[in-house]
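Notes follow once the structure below has been shown.
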């Protein structure tokens, strides 16, 4: 990210984030709402992580991935919300270019790992339902760790690629971002150099990072649905659909908001719709995930309850 002298000779070394609302009277309301959402998200995800760690009944591949997903949700919301709350308190909207790039990198890192981890969870459900006899060998602890490590490696490469590509652009004014965090679409519109290569890179990498995992998830659940429909027990079908339904809900929200956000780079002006999608990506998704998984999962509910009441599992 190359700061350059603008028309008046000043050097662009920072960006101005306008935030969600410009009305001063509504800033305290925004602060309270986002602080509440942040605390609920952190507590909910850490509760699931703690339950997975201490409850023997949850020491399975599915909950191993769920625990990792909880860590990612905490990381994702922590990249954007605390800095926004800090700006609301200090009433300072300026963000240095370096801090903007750092936020961009970590946001895409956590979102990228999330993308691959959701695919690993779909693969786990496919093996558990469609290949139950070989499930324990195909989804061993070594395989689980390899899937998580590969997710982090791919996401790190993706985040670093976009960050380095963004650092090559020139910014010579204006420097006002009509958003509450730094991301690719907003920065593209402020660049005074061509962003065609960056946008092409975003679409190409996005196809690999999002298109391939999405296709694998769809294929996995087509096989899962076919296998579940062959189950004679009504209770068995209900349990299988309940487990898969939670995951599919999270996948739909995650990919739906992501596609809307990054596939609209041709728009000439960012609107409040982009802010709403940004809230979904950074706040709503991490907050809903523990609610979705625990609400429809009696094992997680009972594990969290036993952990809170100090009771031990009989398993």
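Just so it is clear, glycine is given a Cβ too, placed from its N, Cα and C backbone atoms.
Noted in Swiss-Prot for the protein shown:
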| type | residues | note |
| --- | --- | --- |
| DISULFID | 100-192 | disulfide bond |
| CARBOHYD | 8 | N-linked glycosylation site |
| TOPO_DOM | 1-28 | topological domain 'Extracellular' |
| TOPO_DOM | 53-60 | topological domain 'Cytoplasmic' |
| TOPO_DOM | 83-103 | topological domain 'Extracellular' |
| TOPO_DOM | 124-143 | topological domain 'Cytoplasmic' |
| TOPO_DOM | 162-199 | topological domain 'Extracellular' |
| TOPO_DOM | 224-240 | topological domain 'Cytoplasmic' |
| TOPO_DOM | 265-275 | topological domain 'Extracellular' |
| TOPO_DOM | 296-315 | topological domain 'Cytoplasmic' |
| TRANSMEM | 29-52 | transmembrane segment |
| TRANSMEM | 61-82 | transmembrane segment |
| TRANSMEM | 104-123 | transmembrane segment |
| TRANSMEM | 144-161 | transmembrane segment |
| TRANSMEM | 200-223 | transmembrane segment |
| TRANSMEM | 241-264 | transmembrane segment |
| TRANSMEM | 276-295 | transmembrane segment |
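Helix, strand and coil residue tallies for the topological domain 'Cytoplasmic' (53-60), in that order: 5 helix, 0 strand, 3 coil [DSSP]. Of the Cβ pairs linking the transmembrane segment (61-82) with the transmembrane segment (276-295) and spaced 6 or more residues apart, 3 or more are under 8 Å, so the two regions touch. Each residue of the topological domain 'Cytoplasmic' (124-143) gets a DSSP state, and the totals for helix, strand and coil are 17 helix, 0 strand, 3 coil. By the criterion of other Cβ atoms within 10 Å of the residue's own Cβ, the least surrounded of the disulfide-bonded residues 100, 192 is 192. Beyond its flanks by at least six residues, the transmembrane segment (200-223) meets 112, 115-116, 118-119, 122-123, 125-126, 130, 154, 158, 161-162, 165, 184, 244, 248, 251, 255, 258-259, 262-263, 265 of its own chain at Cβ-Cβ distances under 8 Å. Within its own chain, the transmembrane segment (276-295) has Cβ neighbours under 8 Å at 20, 34, 37-38, 40-41, 44-45, 47-48, 66, 69-70, 73-74, 76-77, 79-81, 107, 111, 179-181, 183, 246, 249-250, 253-254, 257-258, 260-261, 301, 304, counting only residues six or more beyond its boundaries. Sequence-distant contacts of the transmembrane segment (104-123) (same chain, six or more residues past either end, CB-CB distance under 8 Å): 62, 65-66, 68-69, 72-73, 75-76, 79-80, 147-148, 150-152, 154-156, 158-160, 162-163, 166, 181-184, 187, 209-210, 213, 216-217, 220-221, 247, 250-251, 254, 258, 281-282. Computed over the topological domain 'Cytoplasmic' (53-60), the whole-number mean pLDDT of the model equals 88. Per-class residue totals from DSSP over the topological domain 'Extracellular' (162-199), listed helix then strand then coil: 17 helix, 4 strand, 17 coil. Counted with DSSP, the topological domain 'Cytoplasmic' (224-240) comes out as 13 helix, 0 strand, 4 coil.
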